[in-house]
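Taken from Swiss-Prot, the feature domain 'Protein kinase' covers 33-319, and the record attributes it to sequence analysis. What Swiss-Prot records for Ile39, Gly40, Arg41, Gly42, Ala43, Tyr44, Gly45, Ile46, Val47, Lys62 is ATP binding site, and it gives sequence analysis as the kind of evidence. Residues or ranges marked as active site, proton acceptor by Swiss-Prot on the basis of sequence analysis: Asp159. The phosphothreonine annotation in Swiss-Prot covers Thr191, Thr196. What Swiss-Prot records for Tyr193 is phosphotyrosine, and it gives similarity to another entry as the kind of evidence.
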Amino acid sequence: MEKREDGGILTYDGRYVMYNVLGNIFELSSKYIPPIEPIGRGAYGIVCCATNSETNEEVAIKKIANAFDNRVDAKRTLREIKLLSHMDHDNVIKIKDIIELPEKERFEDVYIVYELMDTDLHQIIRSTQTLTDDHCQYFLYQILRGLKYIHSANVLHRDLKPSNLVLNTNCDLKICDFGLARTSNETEIMTEYVVTRWYRAPELLLNSSEYTGAIDIWSVGCIFMEILRRETLFPGKDYVQQLKLITELLGSPDDSDLDFLRSDNARKYVKQLPHVQKQSFREKFPNISPMALDLAEKMLVFDPSKRITVDEALKQPYLASLHEINEEPTCPTPFSFDFEETALDEQDIKELVWRESLHFKNM
């Protein structure tokens, strides 16, 4: 194996180069050139930046090591790839490439190449950077604009949180991480771990099996308040405290707010919680603009059927200076989750991811 000056080791007759990044091996097609630097890590693995020498474009490359070792994680990877390949919107992250090695037998690690962004909303909220009302409006507008497109494709994101909203230095925002997304006409109860607790809608906390795009709107309401306040709105330590924090602000739900709960146990549980009055948003948050609070309050409604929709949210006065119906496209065709319906094992999923990677060969 020939070693290059930049530390890379040539493989497959120089068509691929192997780099060591913080002890992680990245084996990339040779068009991706250094500097190869780590820019983030998550439960799935590590993300690096590199440059595509053919387009001169900087990209982010996520390595999912041993991607097919277990079925749940493998399906999550397949779902993310299929969904993002289907979508094409300014406020949804784009997949640029999937790097696969020439030998299918060695296809164990998946490298997904995305457009490169500079930061995420979690980091911005936690920073000392001043956020004006214009910033807050623009962030919220882009989240809703992207979500309108996602919901129009019959997709629920289900894991919206500040760290899944990435930005560049122009404040352009894109929604990422679709590994937990589902179709909006699916009724099966979600079994796997979904949505960071702090952004989880009441119907999910109470295990309702019927959920809609309203779960994403709740998350957006929590994120919006976090942008405005620079701190988490409902930082529950567990499910019980999460519901308690929600009812302390919104007040105890009355019977008509619990129609969405099919389970008698869930209804009983909510009814036995201490009865509390709704707090006035304007009194509790006097430093936030009334128009912003009015919109947040319409998103943060206990009963999902009474929660504002993404289309209604875009028409609210707070976003009047940005809202332009003709500039808020929908997805031309709904996304099909058919591949979820067959009983796929790890090898089947591997084959499907391999096929997805071939689509990028001719691009």
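Each residue, glycine too, has its Cβ placed from N, Cα and C.
What Swiss-Prot annotates, mapped onto the structure for a quick look.
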residue	record	CB count, 10 Å
Ile39	ATP binding site	15
Arg41	ATP binding site	14
Gly45	ATP binding site	17
Val47	ATP binding site	19
Asp159	active site, proton acceptor	22
Thr196	phosphothreonine	15
Key: Collapsed DSSP category at Asp159 (active site, proton acceptor)   = coil
Key: Integer Å distance between the CA atoms belonging to Asp159 (active site, proton acceptor) and Gly45 (ATP binding site)   = 18
Note = Running the recorded positions Ile39, Arg41, Val47, Asp159 through a 10 angstrom C-alpha radius around Thr196 (phosphothreonine) leaves Asp159
Task = Do me a favour and check the Cα-Cα span between Arg41 (ATP binding site) and Asp159 (active site, proton acceptor); whole Å is fine.
result = 17
Val47 (ATP binding site) versus the residue listed as 'active site, proton acceptor' - Cα distance in angstrom = 19
